Each structure stands twice: as C-alpha cells, then as structure tokens.
C-alpha cells in the first residue's frame, strides 16, 4: 500500500472519530454538573440529553407510555400467574428444587458419585488421536525426480492439482508444473 493512500485512510479515520465524539457529546450533554459552557464555544443545536430511567426489577416498560401512579402496567394481571411472590423470595431461585430433592423424577442419584461427573466417560478420547496412523503413507515419496519446467505461467497464485506424491495416481509424482503443482511422470 502506498504511503499516500495510508495517510488518506488515517485522515478518514480521524474525521470519523471526531464526528462520533461530537455526536456523543450532544447526547451526553455538557460534562460536569451545572457548569456553564466555556465562552466562545458554539452550542450544538441537536437533541437534548437523553432521559434514562432506572427501572425496578420486575417492572416492565411499555414503549411510548409512562406508568400511571397507583395502577399496574397491565390491569388485572399479576406478575406471575397463579403464584404470589413472598417479599424476600427471589423469582429465579423460587423455581429451583430443594437441595435434597432429585431433579430427575423416578431416578435416584448413585451414592458417592457426583451427578455431573457420572455422565462423563472415564477416558475422554480425542477422535483424531484415537485413529491409528496409516503407516508410511504421509512420508511416502515416489521414485524418480520431477522434470525440469522451462516456462512458467504468468499467474501470481496458480492453482495446485496436488499437494504430495500420494495425491497422484500410479507412478506420477506431484511436481511443480507449468502453472502450479501437477501430477507429472518422473524422469
């Protein structure tokens, strides 16, 4: 890449970064609490600061509507159907079974065995390492040597038809050909 095009990319990046920073400053409002802007500084005429409300847990916001004091967001509907939550009870923990209770009905845990570790096999095997290696196949080199190629194709990245000698049928070897690696008869 030329240095001129690199400088253009850097300049575009810096311009985009300053535009994003200006946009964030408009959204956030002035920095500090109650400070007046510095004299001589232009005020951005854009949307004012975004109003963010922190909701209590269990309160569902409805888009475009503010909750009315004294009313539930949905009339006549409890937050959890058929259950009244106790004030000290967490709704997530309320669904978990007791410590002594078995999660799977009809099955009792085996004594002295962790239920999570009981599901794992004794020896975890890698499927690639479990397969026996083919003896001598990857190191196999066919007899002879590759012929000399006088001309090369003008492509900068030619396609290869083979990678190693065993990719080629019969007595052919994988050699550098006219345009990339190809299966050729050896000398």
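Counting begins at 1 with the first residue displayed.
Including glycine, each Cβ sits where the backbone N, Cα and C put it.
Positions annotated as pyrrolidone carboxylic acid by Swiss-Prot, on the basis of experimental evidence: 22. Secondary structure at residue 22 (pyrrolidone carboxylic acid), taken from DSSP and collapsed to helix, strand or coil, is helix.
Look at Swiss-Prot and you will find 28-98 tagged as region 'Disordered'.
Here Swiss-Prot flags 34-129 as region '14 X 6 AA approximate tandem repeats'.
Marked as repeat '1' by Swiss-Prot: 34-39.
Annotation comment: Swiss-Prot describes 40-45 as repeat '2'.
The annotation repeat '3' is assigned in Swiss-Prot to 46-51.
Per Swiss-Prot, the feature repeat '4' maps to 58-63.
For the repeat '5' (64-69), the model gives a mean pLDDT of 58. As annotated by Swiss-Prot, repeat '5' applies to 64-69.
The annotation repeat '6' is assigned in Swiss-Prot to 70-75.
Residues annotated as repeat '7' in Swiss-Prot: 76-81.
The repeat '8' annotation in Swiss-Prot covers 82-87.
What Swiss-Prot lists as repeat '10' is 100-105.
Here Swiss-Prot flags 112-117 as repeat '12'.
Taken from Swiss-Prot, the feature repeat '13' applies to 118-123.
Annotation source Swiss-Prot lists repeat '14' at 124-129.
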